[in-house]
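Everything below concerns the one structure shown next.
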Amino acid sequence: MTTPAQAPREEVSLSPSLASPPLMALPPPQPSFPGDNATSPTREPTNGNPPETTNTPAQSSPPPETPLSSPPPEPSPPSPSLTGPPPTTIPVSPPPEPSPPPPLPTEAPPPANPVSSPPPESSPPPPPPTEAPPTTPITSPSPPTNPPPPPESPPSLPAPDPPSNPLPPPKLVPPSHSPPRHLPSPPASEIPPPPRHLPSPPASERPSTPPSDSEHPSPPPPGHPKRREQPPPPGSKRPTPSPPSPSDSKRPVHPSPPSPPEETLPPPKPSPDPLPSNSSSPPTLLPPSSVVSPPSPPRKSVSGPDNPSPNNPTPVTDNSSSSGISIAAVVGVSIGVALVLLTLIGVVVCCLKKRKKRLSTIGGGYVMPTPMESSSPRSDSALLKTQSSAPLVGNRSSNRTYLSQSEPGGFGQSRELFSYEELVIATNGFSDENLLGEGGFGRVYKGVLPDERVVAVKQLKIGGGQGDREFKAEVDTISRVHHRNLLSMVGYCISENRRLLIYDYVPNNNLYFHLHAAGTPGLDWATRVKIAAGAARGLAYLHEDCHPRIIHRDIKSSNILLENNFHALVSDFGLAKLALDCNTHITTRVMGTFGYMAPEYASSGKLTEKSDVFSFGVVLLELITGRKPVDASQPLGDESLVEWARPLLSNATETEEFTALADPKLGRNYVGVEMFRMIEAAAACIRHSATKRPRMSQIVRAFDSLAEEDLTNGMRLGESEIINSAQQSAEIRLFRRMAFGSQNYSTDSLTRNSYISKDENL
């Protein structure tokens, strides 16, 4: 019985020669599998199938070709054979002829192992495999064992090459992920080669034989110990040290059936058989094959089993070049996108800056004349005592709540933005108890903010026709105006079609109240002069020192608020423009305010700074006379204060008799000079010709002179000259000549002439 066993072993060695075609891919795997093949034949003889092996050698030669054409179909049938009679087919194919080769396999494996080790390092191994066939006959037994190793390789090769080994015949070429395909079709003979790394190339060639090879793996487990002794263990050990550690760890796992599941779920049945065989011998040889396999499989996928090693480097270079190109393309695209984004951001920033500039110039139209159609002839005098009959049209469909955005503060800061609900709470629901008064633009309510600050809330009747943006621009311009004689704005509110302005609360009411309210003690002369001077300063600031210039358009005594010390504050400046821009309809009821309107406004509809000057002249007449601008209680023809005062003003300037004009409440408790100056100022302000009216700055200087001491020291104009004018003119000419250097004059002549002039004057 022992002799027949030996015979099959020899036949196994010969079978490799017949299976030379697979050797093309075997260069890397041969070293790893000679031992495996030897072991497999030993197990096969144990099965007692030597006669069948003789028949299989012939079959083994054609199978390598068939795998190229259609490896998947052939591997699929072997799977059943593996499960059923794997040992019979395997011993039949390799062992019949190689009775002499047993010694050779032992010798050949060493060369095969060295050959296998170099191929992983360099691509040239393909030629050596062709030369190695003589030696490979010994290693050829490895191919039967190769199919078993493949099941293990998929885990290691899946990253670089595993797909290539199954792909080389037909499936590995299309995609690197072909292993799944082979796993379903063959019993894992094709797919496992990639995991085994080295066995994978031979497996690609053997795919035709895998039925028999796959069957071999099942019997090898018992025979493997013998084969390990035959192939040089040192060669097998060499591969193990290099990178086999991971593969070896996998090998122990492979002896157990888990490795096949790793390869694929379909081939677990065939895989268990190869796994035991692989665990016995290949573990040592497989590590080198694993090292070699990574380069070889990709090449097999590209060309075939013949060009596995050389093709691998090329695909690697192609991948590197393609990856470099892709990286460059990505970098270029990213740079282009970044540039596009930067340009878009720049365009947006420029647009925003331009829009801000446009908004900043919106408030510059305060000086523009108001069209005649926008108001009736009597509208100027009733700007703050008008009622809007037009429907309130809102350009917002939903309530908007605004919270305070900035603190009230210095010049250039934005006002606070209040919510409507906040103002409702502050004014106690805009109750009548908090009502301070009603003007042409709406009612004014007293309110207390959460920080206990007292404010005056003005509900504008202008509605929402202007639009939020325009209204905000106007309010922002008004809120930037700060002067000690101007009422500062605290904030505003926009809610649907509601427009509200919030001002500092002034507790001492207004000038109209103190002059004309019943039961009031009236104002003394000093207080009246103080109020007139303060209002003049505030109005002059709006006309000349404010940018953009603001025309109040509604100067009257009710818009001059008084603090507790009777410090005058001009209020409601700029609101007339808001109303006119919103096309607010002005009612015809102008009683009490009609007398402030300038005559040119009624005739031409134009408003200028001189229109405010005329209105301020009417306020001065109120302070002087204590009468209302329009008083229906006066006799017919004397209802208008301006028309009644004109003849009296001219008479007072000529005769300096002020009794007819002075307020009866004053009696004679006034300073004559100050009364005269105030009468002159009032007469100049109410002139019919707008061009002949003084500027507000001139009126301010006139009031300032009332408080200053006489700079003339009691001397009349012309009496202060103590030097001869002729002599003085001569000295001036001399200085001019000296300055321009036209002629040379000595200083002696200048001093001599000056002394002479002094002596003459004495």
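For all residues, glycine too, the Cβ spot is worked out from N, Cα and C.
Swiss-Prot lists D554 with the feature active site, proton acceptor. What Swiss-Prot records for L436, G437, E438, G439, G440, F441, G442, R443, V444, K458 is ATP binding site. If you look up Swiss-Prot, you'll see 13-23, 41-57, 276-305 marked as compositional bias 'Low complexity'. The annotation compositional bias 'Pro residues' is assigned in Swiss-Prot to 60-210, 231-246, 254-275. The feature compositional bias 'Polar residues' is assigned by Swiss-Prot to 372-407. Marked as N-linked glycosylation site by Swiss-Prot on the basis of sequence analysis: N37, N278, N319. What Swiss-Prot records for 1-322, 370-410 is region 'Disordered'. Annotated topological domain 'Extracellular' per Swiss-Prot: 1-328, in sequence order.
Of the residues the record lists as binding ATP, namely L436, G437, E438, G439, G440, F441, G442, R443, V444, K458, the two whose Cα atoms sit farthest apart are 14 Å from each other.
Of the listed recorded positions, namely E438, D554, the sparsest CB environment within 10 A is found at E438. Note: the Cα of D554 (active site, proton acceptor) and the Cα of G440 (ATP binding site) are spaced 10 Å from each other. Cβ-based neighbour count (10 Å, all protein chains) for G440 (ATP binding site) stands at 25. Neighbour count (other Cβ atoms within 10 Å of the Cβ, all protein chains): 22 for V444 (ATP binding site). Following the DSSP three-state reduction, the secondary structure of G442 (ATP binding site) is strand. A strand conformation is recorded for L436 (ATP binding site) in the three-state DSSP classification. For the topological domain 'Extracellular' (1-328), the model gives a mean pLDDT of 41.
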